[in-house]
Amino acid sequence: MPTLLRILRPPRSPFTRCLATFATPSSSGSSSRSKFTESLETGPGLDDFISEEVPDRVVLGNTKGPRLPSYLKTSIPSGASFNKIKKDLRGLGLHTVCEEARCPNIGDCWGGKPGATEAEGRSAATATIMLMGDTCTRGCRFCSVKTSRTPPPLDPHEPENTAEAISRWGLGYIVLTSVDRDDLLDGGAHHFAETIRKIKYKAPQILVEALTGDFAGSLDHVSIVAQSGLDVYAHNIETVEELTPFVRDRRATFRQSLKVLEHAKKSGVRITKTSIMLGVGETKEQVLAALKELRKIDVDVVTFGQYMRPTKRHMKVDRYVEPAEFDNWKEVAENLGFLYVASGPLVRSSYKAGEFYIENVLRGKNKAIGGLGISQLEGSEKGSMTGIDR
């Protein structure tokens, strides 16, 4: 019978044995507990931890990448105009590069500064609408936009919806961009052009900037957009020629981008524009060479901004460029003859400060531009960069 009870009785777990051991009085157990209690009493307390000064840098995990400087940190966007634009976009099913690319200036450009009324925000707001969906056929190593070889088909109502939304906001300047659509025969050029024409029909007073891809090098498709009635044609070279194969999708080349900008100007566009990211491994000599190439083809506007890694799946930041270096590139570019230069850590290709200046040129200098041309205005305009009358 005792044997049967032993079989039926569940075995004691190690934890139970451990408790039993501690519960059994013994000189060795008491000694261990006493030493442990003494260590707790004589050791550092909570006050000792929180009274110490916090070090400037706490090492956690991978520290190979440079630390984000304080001047690159931005506040959470808010405000009446910000909420209005966001609501309209959702209602019409439209996408913005501001959201898709996680732009740090979204609160600023959408009129989300604290204290701004809806009317004040709208008058200062600039939104960058992303056409042809939110999925790109290319995979640049710096970009956070979704990618696919077979994105969804185009929305035939998008040109009308976009024009309706823009005319409703009462903005003075709008930027249209798009994902790359290498799956389409025309790269989406006709869709892009139709959107511009509808905007100009519904709100002819609005100035339109088109930030396009390279249309796989097809200059005929560049012409379709360039001759649609837009005011500014933008195409970003993104980085210097030497780094282009490592930064951009393999189908994009530096020389191909130059041809796009050059052809847009030859097609009759008043102002051409491009953007360069700093902090991806470029040298000063390479940046200067890129600027000279841009001036050879009469590009009017250039912007400089800091590359910021969207996720850990994207290429690392090589370095964070100091604001003083951005100021230096602004001066260098102006001396090379660019009509306008926006340069700063948080500047992006469609940053509103540059648009205010371009809007002033296109509106206030319309007659002069018609008679003289952009290149002849460069000298007189540079003197008034800090005092713009809208």
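Including glycine, each Cβ sits where the backbone N, Cα and C put it.
Features as listed in Swiss-Prot:
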| type | residues | note |
| --- | --- | --- |
| BINDING | Cys98, Cys103, Cys109, Ser350 | [4Fe-4S] cluster 1 binding site |
| BINDING | Cys136, Cys140, Cys143 | [4Fe-4S] cluster 2 binding site |
| DOMAIN | 119-339 | domain 'Radical SAM core' |
| REGION | 23-48 | region 'Disordered' |
| TRANSIT | 1-19 | transit peptide |
- request: Starting from the Cβ of Cys140 ([4Fe-4S] cluster 2 binding site), draw a 10 Å sphere and report how many other Cβ atoms land inside it.
  value: 20
Query: In DSSP terms, helix, strand or coil for Cys136 ([4Fe-4S] cluster 2 binding site)?
result: strand
- prompt: What other residues of the same chain, not counting Cys136, Cys140, Cys143, have a CB atom within 8 A of the CB centroid of the [4Fe-4S] cluster 2 site?
  reply: Arg138, Gly139, Phe142, Ser144, Val145, Thr147, Val179, Asp180, Asp249
- request: Could you check what DSSP calls Cys143 ([4Fe-4S] cluster 2 binding site) once collapsed to helix, strand or coil?
  value: coil
